[in-house]
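Chemist: Residues or ranges marked as transmembrane segment in TrEMBL: 17-36, 82-103, 110-128, 134-153, 160-181, 212-233.
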Amino acid sequence: MAVNWELQGCCDRNQRIFIAAVGVSTVVILLLWRTFLLTPFKLITVFLHETSHALACKLTCGDVEGMQVHANEGGVTQTRGGIYWIILPAGYLGSSFWGMVFILASTNLLTTRIAAGCFILALVIVLFVADNWFLRWLCIGFVVFIAVVWVIQEFTSFHILKYVILFIGVMNSLFSVYDIYDDLISRRVHSSDAEKFAEICPCPCNGFAWGVIWGIISFIFLCASIYLGLVILS
């Protein structure tokens, strides 16, 4: 019985640490939102947005001709072929999904290492399809950053890597929700993914409506990541 109480206490402690880490990450992100300190993490969210477009293209038998991320937090992915109505929403929804994956991966040291390894692999692959040097330097910078953090974790008792992965996950989730609101809901950008999607989708929804729908789905991803993280740690 004492063992059960000990296990219960350990689970409660891990859950409290997880909630605190998500809360601290959220507060830090909101406080630094308009500062240059958060810019690299915003750009990596744009990177995952464009990567999601590229993955959707490849998974639907299309070709990725190039990808760019710019200093103004914009990005573009050139594709040929594939299923367009899957490729278009993949950017916003994909970045929300990766945010959830990173948050859940941070709940375990093994999954943290797997997420970090896959992230580094994705950054290296994008080096070969990037169309601009800004994206290449962004990839190189984050490869070095994650590698250094990983080495620090392996040679110290502080599990810093999982908190970095968690922070990237929370950043990705919050920024994707904000990006959907800013690009698709608060103002009508006629070249946006939602407006293009509305043109080809038979459903009688305009770009604004699709923005709301995608925003709700992204927020659900964020809530689900926190809930499932607590379930995993229970």
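Just so you know, glycine gets a Cβ as well, placed from its N, Cα and C.
Because TrEMBL annotations are produced automatically, they should be read as predictions rather than curated entries.
Tell me what's around each of these sites.
Modeler: Tertiary neighbourhood of the transmembrane segment (17-36): same-chain residues 103, 106-107, 163, 166-167, 170-171, 174, 226, 229-230, 233, selected by CB-CB distance under 8 Å and a gap of 6+ residues from either end.
Counting same-chain residues at least six beyond the ends of the transmembrane segment (134-153), those with a Cβ under 8 angstroms from any Cβ of the stretch are 40, 43-44, 47, 67-71, 113, 116, 119-120, 123-124, 126-127, 159-162, 164.
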Chemist: Report yes or no: does the transmembrane segment (212-233) come within contact of the transmembrane segment (82-103), defined as 3 or more CB pairs under 8 Å with a sequence separation of 6 or more?
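Modeler: These two segments touch.
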